[in-house]
């Protein structure tokens with residue numbers, strides 16, 4: 001059974017489940033949130049936020065306090081401590097959500113976005129908004145909401161990441177949120193179902209969702225950042241097959257082309273690493289499914305492996321990971337404009353094992369974050385910085 005979709009003209013997040021309207025309460029178990037226990041529109045809607053000295057912002061991104069529904073145009077300069085009728089208190093709404101690995105990394109990312117957006121309190125610690133959950137940690141610093149798993153064991157690589165953009169009313173500024181989705185299609189599927197319901201209950205609109213992660217490159221140098229135009233399966237087809245009861249539902253995995261081009265344009269202001277647009281192949285596991293020779297099981301030769309990877313390259317694939325088809329399909333069905341931005345940790349045509357030093361890999365993993373930060377600043381009309 002094929003399932004066709006289109007983006008929502010209203011900008012609202014589409015939840016295609018009639019049963020939700022019949023429920024007295026919707027418990028978002030893995031996020032430790034619920035429609036009865038939490039005021040989701042208030043939590044993920046407007047907040048007052050102070051500004052830093054001399055920061056220029058496009059005032060179209062903000063509202064004058066006390067005049068709901070109005071916006072201005074042009075550029076204003078705000079100065080810390082000024083509290084006159086001519087200078088507004090800025091009102092932020094949730095527009096960008098970043099989903100990633102350990103609590104430490106996502107807390108650090110929230111602090112990075114504090115600095116990038118020029119918010120007061122930059123560098124200070126942020127409180128965990130999901131303190132009652134043993135699943136996730138959530139940090140909000142000004143307009144930044146950052147979410148990750150709790151009690152994540154220290155390891156060389158953070159778990160896969162993604163970013164999501166949300167906005168509740170036109171004329172408001174941005175809020176960034178980060179959320180970890182673990183590794184693989186089952187893990188990201190659980191997270192996306194609850195995240196999309198959260199956006200729906202919070203009445204968010206005009207959402208831009210971006211997954212930030214790591215991957216294996218294909219015919220590109222290690223450290224390259226790949227912006228996905230289309231996610232493909234292991235047969236190089238742009239589809240995601242979801243088993244629903246005993247039926248197979250086929251969903252499109254095309255991503256927003258304009259958003260991909262916008263991200264590529266932002267990368268030109270960060271010339272110290274290569275960025276490109278290409279297909280991303282999504283597999284169900286890290287070893288056999290990606291043609292690795294170093295797993296506990298391997299039933300194919302090195303020649304067969306290279307022949308398969310070269311066919312993938314000829315089909316337009318430039319990197320391989322384990323979440324993009326499910327991510328693209330779910331976002332598309334629910335009317336979310338989406339992108340996937342991943343750094344390549346190695347070129348799979350040259351080997352299977354990741355041998356770069358911890359310091360090199362850490363710097364590689366900052367590259368997608370730097371690109372997304374530049375994208376957010378540009379969307380807000382702020383001057384480039386890196």
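Just so you know, glycine gets a Cβ as well, placed from its N, Cα and C.
Given the structure is predicted, the values throughout are model-derived calculations rather than measurements.
What TrEMBL records for this protein:
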- 135, 211, 212, 213, 214: phosphate binding site (BINDING)
- 174-377: domain 'Nucleoside phosphorylase' (DOMAIN)
- 290, 292: substrate binding site (BINDING)
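Projection of TrEMBL feature records onto the structure.
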{"residue": "135", "record": "phosphate binding site", "CB count, 10 Å": "16"}
{"residue": "211", "record": "phosphate binding site", "CB count, 10 Å": "31"}
{"residue": "212", "record": "phosphate binding site", "CB count, 10 Å": "26"}
{"residue": "213", "record": "phosphate binding site", "CB count, 10 Å": "30"}
{"residue": "214", "record": "phosphate binding site", "CB count, 10 Å": "21"}
{"residue": "290", "record": "substrate binding site", "CB count, 10 Å": "23"}
{"residue": "292", "record": "substrate binding site", "CB count, 10 Å": "17"}
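The distance from the Cα of residue 292 (substrate binding site) to the Cα of residue 214 (phosphate binding site) comes to 17 Å. Maximum C-alpha to C-alpha distance over the listed phosphate-binding residues 135, 211, 212, 213, 214 is 22 Å. Of the recorded residues, residue 290 (substrate binding site) and residue 214 (phosphate binding site) place their C-alpha atoms 14 Å from one another. Note on the domain 'Nucleoside phosphorylase' (174-377): its mean pLDDT in the predicted model is 92.
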